[in-house]
Amino acid sequence: MAAPTLTTDGPRLGQQEMKKMSPSFHPTLWGDFFLSYEAPTEAQEAEMRQRAEVLREEVRNMIKGSHDVPEIVDLIITLQRLNLDYHYEDEINEKLAVVYNSNYDGGNLDLVSRRFYLLRKCGYHVSSDVFLNFKDQYGNFIEVDTRSLLSLYNAAYLRIHGETVLDEAISFTTRCLQDRLEHLESPIAEEVSSALDTPLFRRVGTLEMKDYIPIYEKDAKQNKSILEFAKLNFNLLQLLYSSELKECTTWWKELRVESNLSFVRDRIVEVYFWMSGGCYDPQYSHSRIILTKIVAFITILDDTLDSHANSYESMQLAEAVERWDESAVSLLPEYMKDFYMYLLKTFSSFENELGPDKSYRVFYLKEAVKELVREYTKEIKWRDEDYVPKTLKEHLKVSLISIGGTLVLCSAFVGMGDVVTKKIMEWVMSDAELVKSFGIFVRLSNDIVSTKREQREKHCVSTVQCYMKQHELTMDEACEQIKELTEDSWKFMIEQGLALKEYPIIVPRTVLEFARTVDYMYKEADKYTVSHTIKDMLTSLYVKPVLM
């Protein structure tokens with residue numbers, strides 16, 4: 001469906017309406033910081049890389065030399081949590097096959113839970129019936145040690161629909177761990193506290209890497225080579241991330257947001273963190289940069305159409321995006337022109353960077369942006385007509401696209417290497433069930449934390465308000481029930497990811513990685529809009545190296 005056709009020969013009905021009052025977002029917390037950030041000298045970095053390479057081979061030999069299933073499971077989970085696993089994909093895949101073909105369904109709940117967690121996380125469809133062995137004659141879970149409870153708790157969050165035993169395991173372990181928490185000592189106390197806040201499976205990989213290093217350092221069973229390698233790897237990744245932040249900040253500064261688009265959230269560092277959480281391994285540098293630029297554009301579009309432009313200007317912008325041509329700039333009010341031209345210029349640069357063999361991917365990216373803006377215009381119509389969709393299903397027909405989930409996934413795959421094919425790009429754009437479940441999860445998570453804030457201004461009705469009207473609930477009641485729907489979305493995403501066998505594992509893995517970043521950014525507050533809440537975390541991730 002094309003955007004409404006406009007002309008430039010004067011105002012039409014609605015053009016003279018007063019410009020909306022934009023909400024006041026706090027200014028950037030970072031400014032030019034990463035433009036002048038001083039990295040270690042080349043000699044220092046070379047020394048770090050040389051030592052890291054020695055340690056990398058030591059750890060590789062540990063993996064190859066591991067034979068017992070308990071040893072293999074513990075080692076791989078440790079490497080995953082420290083973000084070292086990407087160094088050893090082939091070796092780990094060989095060991096996963098050993099673990100999968102083993103028969104561990106008996107007495108050791110800790111091992112059974114960790115084996116289940118590891119295999120399901122890595123795409124193996126293992127049965128949850130194994131946990132029935134740990135119930136008594138009345139169907140209740142048997143009380144066990146805290147470490148086993150924690151392992152069961154983390155395993156249970158990889159549940160899919162119909163796995164009642166895992167639903168029950170979450171209720172049981174949550175209650176037990178909460179009761180025991182105040183009596184625990186370090187380091188398991190920190191582990192339990194972190195898990196109760198965010199189960200292991202749902203944690204953002206870069207944050208888990210940062211947070212787990214000090215916990216692993218306190219572990220009596222820690223391996224000194226693994227620990228040293230984890231610290232060096234973190235610091236080397238920090239150098240890479242900081243250089244990418246410098247590139248993204250330079251690109252963002254050229255748009256002169258503070259003068260041309262002062263009503264927009266100036267959050268380029270926060271965007272980078274959010275998007276890099278979905279593909280944080282070093283080989284995905286191009287994806288991270290493309291993602292950061294795309295979501296910066298989404299932010300501009302969202303803040304312009306939702307909070308600043310009047311309805312006529314919004315339709316002008318929608319028409320220009322639909323045309324995707326420099327000549328369409330004549331449609332736009334003055335304050336939109338530079339942004340629009342920069343949008344076209346940036347997409348042209350994507351095509352040049354990808355080269356003749358991969359530039360076809362940018363076509364899908366353009367189509368995803370156009371689709372996003374089309375759905376924005378439908379929401380603007382809802383807002384202007386004070387229309388409330390009758391059901392959540394009706395709302396989601398529009399809003400699961402307008403939240404940008406499809407565009408984010410498309411952006412991630414555009415920048416990846418040869419593993420991404422035309423078939424994968426078409427799958428992302430085809431309304432696939434996994435993509436749809438992800439979009440619903442993003443939309444509901446966003447609306448739970450943003451609805452109350454947005455009531456201060458006239459906004460399109462959210463899924464929360466729609467659900468309130470549909471089921472005659474208060475806002476708090478609706479939010480609680482929608483939280484249950486987000487849990488349902490997790491089950492769908494895991495289920496659909498396990499079933500997606502015709503594509504490389506990186507496809508479902510990327511979707512789930514982005515779900516983790518969404519979960520973090522919208523847990524309890526909108527950390528993107530109110531980014532003071534994550535300033536210290538970002539400093540520890542991108543500025544302060546880990547002490548060796």
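Every residue gets a Cβ built from N, Cα and C, even glycine.
Feature list (source: Swiss-Prot):
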BINDING   D302, D306, R443, N446  substrate binding site
BINDING   D302, D306  Mg(2+) 1 binding site
BINDING   D302, D306  Mg(2+) 2 binding site
BINDING   N446, S450, E454  Mg(2+) 3 binding site
MOTIF     302-306  motif 'DDXXD motif'
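Where Swiss-Prot records a feature, it is marked here on the structure.
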residue	record	contacts (Cβ under 8 Å, 6+ apart)
D302	substrate binding site	Y376
R443	substrate binding site	L396, S399, L400, I403, G405, T463
N446	substrate binding site	I403, V518, Y522, D526
S450	Mg(2+) 3 binding site	S462, D526, T529
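Under the three-state DSSP scheme, S450 (Mg(2+) 3 binding site) falls in the helix class. Other than the site residues D302, D306, R443, N446, same-chain residues with C-beta atoms no more than 8 angstroms from the centre of those residues' C-beta atoms, the substrate site, are S399, S402, I403, G404, D447, S450. Helix, strand and coil counts from DSSP across the motif 'DDXXD motif' (302-306) read 5 helix, 0 strand, 0 coil. Every protein chain considered, the tally of other Cβ atoms within 10 Å of the Cβ of D306 (substrate binding site) stands at 22. When the Cα positions of D302, D306, R443, N446 are compared pair by pair, the longest gap among these substrate-binding residues is 15 Å. Per-residue pLDDT, averaged over the motif 'DDXXD motif' (302-306), rounds to 93.
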